[in-house]
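Shown below is the structure under consideration.
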Amino acid sequence: MKNKLPPFIEIYRALIATPSISATEEALDQSNADLITLLADWFKNLGFNVEVQPVPGTRNKFNMLASTGQGAGGLLLAGHTDTVPFDDGRWTRDPFTLTEHDGKLYGLGTADMKGFFAFILDALRDVDVTKLKKPLYILATADEETSMAGARYFAETTALRPDCAIIGEPTSLQPVRAHKGHISNAIRIQGQSGHSSDPARGVNAIELMHDAIGHILQLRDSLKERYHYEAFTVPYPTLNLGHIHGGDASNRICACCELHMDIRPLPGMTLNELNGLLNDALAPVSERWPGRLTVDELHPPIPGYECPPNHQLVEVVEKLLGAKTEVVNYCTEAPFIQTLCPTLVLGPGSINQAHQPDEYLETRFIKPTRELITQVIHHFCWH
């Protein structure tokens, strides 16, 4: 059956040639069904059982779980099937044609992160899955680049509890064991419009927002003082005021003002805790002006993530790579997979190539990535 599997570079080429863009804008958003079908067929050829899971609340998106072996525990290798949209004017190559040049493989998703599945499939050619002592799972998720709906839904619904997981995001093969989360909110204040010549007849939303911002900045200072995680370059939760808009004319009392902000929490801080801190900070404004201030999510929140530094997964991977685990500031699906089992983020390619025109993966990653995948499968599924 394994001889039906195409060569490594042809698998890679087919993955890149199959569009699977995720976007909040419906006109740009694409189903990942064709890519899931490709992966499902290849893993079936390798003797895996394959389950395709529709993801609710998405535009025809799917997860795929390929599994082999019996019993509890085992290893989960995970990644997302979607890419970001691309700016055609900034690409000098066809994003959907895998192009090799000067030691680099170019194409949309080469690094972030369709290519990881090509590495898994290629490594499995030489693995007799019938002899595994523990199960091996391959998870391909949907919509990581927007809502992370695929990983969220899988984590909420699966009964699987592997011993550990590796998510193959581009980390330049440097293992990552922790990252911050991301919460984004819209603060909206509804005032009362009126002519600027008679301020008493209106409620100026900009003035109320000025008051609210003062309390939010106090929260920012408090977060910096109360929470600390030395391993991060910025070792405290950050709070950013990113966008504000209010009013429509200089001679009108502003009736509405909206502020967009984000918080990047440290691992261990819960979403409920952060929501409570924000609501407490804004309580004086809400109490003084009942019904005029609302807080809404801009995007589904992502908690911080941490794999215990003394876990066997960390020790094994650090020994195999000869490198210590790191912490990073960007977000992945790890917080959701971590609810199932200890998880590391580790994969070929550089995060600096993610979301960039002329995205590429350096060919120097091919051999060590294949070896690493083979080694972790041997360690966690054969021992």
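Placement of Cβ uses the backbone N, Cα and C atoms for every residue, glycine included.
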For the Zn(2+) 1 site that Swiss-Prot assigns to H80, D112, which of E10, E169, E207, E225 is also named?
E169
Quick one: which of E145, E315, E318 does Swiss-Prot put in the Zn(2+) 2 site with D112, H355?
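Same Zn(2+) 2 site in Swiss-Prot: E145.
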Please report how many Å separate the Cα atom of E169 (Zn(2+) 1 binding site) from that of D82 (active site), as a whole number.
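Here the two Cα atoms lie 12 Å apart.
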Three states by DSSP: which one describes H80 (Zn(2+) 1 binding site)?
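In three-state terms, H80 (Zn(2+) 1 binding site) counts as strand.
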Name, in the order they occur in the sequence, the residues of the same chain whose CB lies under 8 A from the CB of H80 (Zn(2+) 1 binding site) and which sit 6 or more residues away.
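Set apart from H80 (Zn(2+) 1 binding site) by at least 6 residues yet with Cβ under 8 Å, we have M113, A140, T141, A142, D143, E144, E145, G150, A151, E333.
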Excluding D112, E145, H355 themselves, which residues in that chain have a Cβ inside 8 Å of the centre of the Cβ atoms defining the Zn(2+) 2 site?
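Nearby residues not in the site list: T83, V84, M113, A354.
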Within 8 Å of the Cβ centroid of the Zn(2+) 1 site residues H80, D112, E169, which other residues of the same chain have their Cβ?
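Output for this site, in sequence order: G79, M113, F116, E144, E145, I167, G168, P170, T332, G347, A354.
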Using the alpha carbons only, what distance in Å do you get between D82 (active site) and D112 (Zn(2+) 1 binding site) once rounded?
9
Across all chains shown, how many C-beta atoms besides its own are within 10 angstroms of the C-beta of E144 (active site)?
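So the number of other Cβ atoms within 10 Å of E144 (active site) is 24.
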